[in-house]
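A.B. asks: In case it's useful when we look at the structure, here is the feature table from TrEMBL:
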type: DOMAIN; residues: 1-288; note: domain 'NADH:quinone oxidoreductase/Mrp antiporter transmembrane'
type: TRANSMEM; residues: 29-51; note: transmembrane segment
type: TRANSMEM; residues: 72-97; note: transmembrane segment
type: TRANSMEM; residues: 140-161; note: transmembrane segment
type: TRANSMEM; residues: 167-185; note: transmembrane segment
type: TRANSMEM; residues: 197-218; note: transmembrane segment
type: TRANSMEM; residues: 238-261; note: transmembrane segment
type: TRANSMEM; residues: 273-292; note: transmembrane segment
type: TRANSMEM; residues: 312-333; note: transmembrane segment
Amino acid sequence: GIEVVSISLYILAGIQRKNTKSNEAALKYFLLGAFATGFLLYGMTLIYGSTGSTKLTIIAKVISENKILSEPLMLMGVVLLIIGFGFKVAAVPFHMWAPDVYQGAPTPVTAFMAVGPKAASLAAFYRVMSETMPELSYSWEILLCVVSVLSMFIGNFGAIMQSNIKRLLAFSSVAHVGYLIIAIIAKNSLSASSLMFYMLTYAFMVFGTFGIVILLGRKGEENLELENYSGLAYKHPVIALTMTIFLLSLGGLPPLAGFVAKFFIFSAALKEGYIILVIIAVLNSAISFYYYLKVIVFMYMKEPVKEFHISLTPMTLLVIAISAFGTIQLGIFPDPIIALAQAN
């Protein structure tokens, strides 16, 4: 399932054949995606060699009965599996492809790229870690904690240094992966539902944000530099307000959906005693407001540097409207979706 999503995106990333950046993004994404798939396959092969099965329940039973998690073959298989999933979700230190690919790919493709493969890979990663290795040793937990913390810090500080909106959102997505890995580390009754809820809210926020980036495009040329958003609130206040809602929700401001999503993941981690990890995550959420507010400052506090040419299309407006509704609705009334996630 992960590869079906990835293969389609390899093609879509280079769909603008006359655009050299699009072609470069497609080539990078294909090569590094194939590289990641190789790690996943090698990891699965080694785990199969250690357990004699590819079924998660049987693998879990063999690991539990024979205590083989620390054996060299199994150890290498799990390491390769983590590396492969790390590439797929753009977790540090396997994230360097994301900014270039996000920037070069067509914006509609980038929006789906930021959500689709990430959701599928994180769901698979969670199932593998929770169902086959429910009682990870301390050293494995430390490894995942390090990946989570590095993803949060490097993602946020990388985003601070960007002047291109797509590169900023690429580094932002790396930071969000750091938050999502916390749910994988926690592995309790709340973590699975919080992971699902986070990915749903993240989809609304990302599709809405990229929808506005598309909306501000002009004749195929996209206004990607932050200075191009200067004075947007004076010319198009509704669009600026909607963009502000998405950005503040990505940062985790209550009562928007991003806050509720982070709250549930942090609660799952606190339930398992990961107090320091949650403190670091909250600190990083505060850091992220710097670059989200930077975009808002350009929209509301800077003079326009150019005329805005809004490309109005019904589909783009529909995506933005649904995303804005979902972002607000899930922030104020999250209980039905949380209950549904817990039931499944």
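The backbone N, Cα and C atoms fix where each Cβ goes, glycine too.
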A.B. asks: Given a Cβ distance threshold of under 8 angstroms, which distant residues of the chain, six or more beyond its ends, lie next to the transmembrane segment (238-261)?
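C.D. replies: Beyond its ends, the transmembrane segment (238-261) has Cβ neighbours at 172, 176, 194, 197-198, 201-202, 204-205, 208-209, 212, 215-216, 232, 285, 288-289, 292-293, 295-296, 299-300, 310, 320, 323-324, 326-332, 334.
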A.B. asks: Please check if the transmembrane segment (140-161) comes into contact with the transmembrane segment (312-333), where contact means 3 or more CB pairs closer than 8 Å and the residues in each pair are separated by 6 or more positions.
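C.D. replies: No, these stretches are not in contact.
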A.B. asks: Are there residues at least six beyond either end of the transmembrane segment (197-218) with Cβ under 8 Å to its Cβ atoms? List them, or say none.
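C.D. replies: Residues 107-108, 110-111, 114-115, 118-119, 122-123, 165-166, 169, 173, 176, 179-180, 183, 224, 228-229, 232, 239, 242-243, 245-247, 249-250, 257-258, 260-262, 264-265, 308-312, 316-317, 319-320, 322-324, 326-327, 330, 334, 337-338, 341 contact the transmembrane segment (197-218) from elsewhere in the chain.
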